[in-house]
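Quick notes on the structure that follows.
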Amino acid sequence: MSNEIERLSNPGLPEHQHRATDIDPVAEKKAERQVALYFVLSAIGTLVFIYSYIFVPITSFVFVPILGSTNTHQLLLGLGLAFSLLFIGIGAIHWAKQLMPDNEVIAERHEFRSPKDERDDFVATVKERAGAAGLGRRSLIKRSLGLSLGLVGLAPLVLLRDLGPLPAKQLETTNWAKGVRLLTDPGDRPIKATDLEVGAVAQVLPELGAGVERTLSSIGKDAVLLIRLRPEEFRLSAERLSWTYQGIIAFSKICSHMGCAVALYEQQTKHLLCPCHQSTFDVPQAAKVIFGPSARPLPQLAITVDKDGYLVAQKPFNEPVGPSFWERSS
Ligand code: FES
């Protein structure tokens with residue numbers, strides 16, 4: 001115990017050393033003059049700044065080694081401000097280290113624990129009240145209270161059911177399948193490669209089988225953007241290139257970040273931009289993300305043409321469209 005007290009009263013710090021300025025009036029005076037000198041140098045820097053701002057012509061130049069021909073006005077402004085701030089800082093530090101009080105101060109703390117008599121009082125009061133309420137005697141009430149409190153805790157869990165059924169696999173599939181024609185949206189017309197000029201963009205939806213209705217939620221998953229580039233502009237793997245047709249490439253229009261419609265195409269840069277959080281996708285690189293929060297490219301739909309020359313899907317998307325968390329929906 002006595003060792004513990006000793007360790008707390010002396011936690012191992014080296015013995016306090018007094019500064020020369022604490023014990024020698026000459027050193028103290030010298031330090032005071034040094035601090036004043038730094039502040040005067042700072043003031044001179046500020047005056048240089050003000051003088052050059054008002055009197056040095058903007059068009060004057062001076063030759064400075066390393067920098068070469070340099071604008072005098074800007075050079076003096078920069079140097080003046082730099083000296084001004086630098087010497088204020090040096091002066092303040094020197095002042096604090098040499099002249100400001102250097103006493104070690106102990107911050108008194110009260111003990112967090114309550115005194116023993118207060119703790120005893122508290123325990124006695126709780127026992128007394130519990131006895132008065134008859135908790136010890138009324139075991140029936142004690143048990144039924146436990147049951148009631150336990151069930152109350154379960155109630156919020158039941159409400160989780162209101163979040164609806166899990167989406168299972170339905171978010172992973174769209175109406176795109178092998179041989180499904182691409183229809184213009186709006187217009188619902190099948191589209192040929194020649195309908196799209198280089199640089200053009202079109203939104204398309206899949207042609208649905210008889211009896212299948214187009215719903216808002218199916219459009220939300222099926223919408224696809226067609227973009228036509230020159231074939232030599234692509235920077236794609238051989239496989240991805242085989243998913244394009246004569247420079248036409250198709251991507252899901254649903255942003256892979258949080259599902260907004262990727263609606264802006266910059267023809268010059270060939271970037272697709274999502275307006276919600278500015279994810280930017282590079283079309284020639286299979287919609288690779290080059291900026292923004294999205295973590296994966298827009299899914300690419302493999303396309304080709306049917307025997308009549310209309311654009312069709314080669315196969316379904318090979319990954320879920322939309323936000324990345326859909327992948328974990330099952
Ligand atoms: S939803 Fe597209 S960037 Fe966020």
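Glycine residues also receive a Cβ, built from the backbone N, Cα and C atoms like all the rest.
Nobody curates TrEMBL annotations by hand; they come from automatic prediction.
Listed features, source TrEMBL:
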- 221-312: domain 'Rieske' (DOMAIN)
- 1-20: region 'Disordered' (REGION)
- 35-55: transmembrane segment (TRANSMEM)
- 75-96: transmembrane segment (TRANSMEM)
Requested in this report: Could you give the residue numbers and ranges of same-chain residues that sit at least 6 residues beyond the transmembrane segment (75-96) on either side and whose C-beta is under 8 angstroms from one of its C-beta atoms?
Outcome: 31, 34-36, 38-39, 41-53, 56, 62, 64
Report task. Over the domain 'Rieske' (221-312), work out the mean pLDDT and round it to an integer. Result -> 90
Query raised in the report: In the domain 'Rieske' (221-312), how many residues does DSSP assign to helix, to strand and to coil?
Result: 12 helix, 34 strand, 46 coil
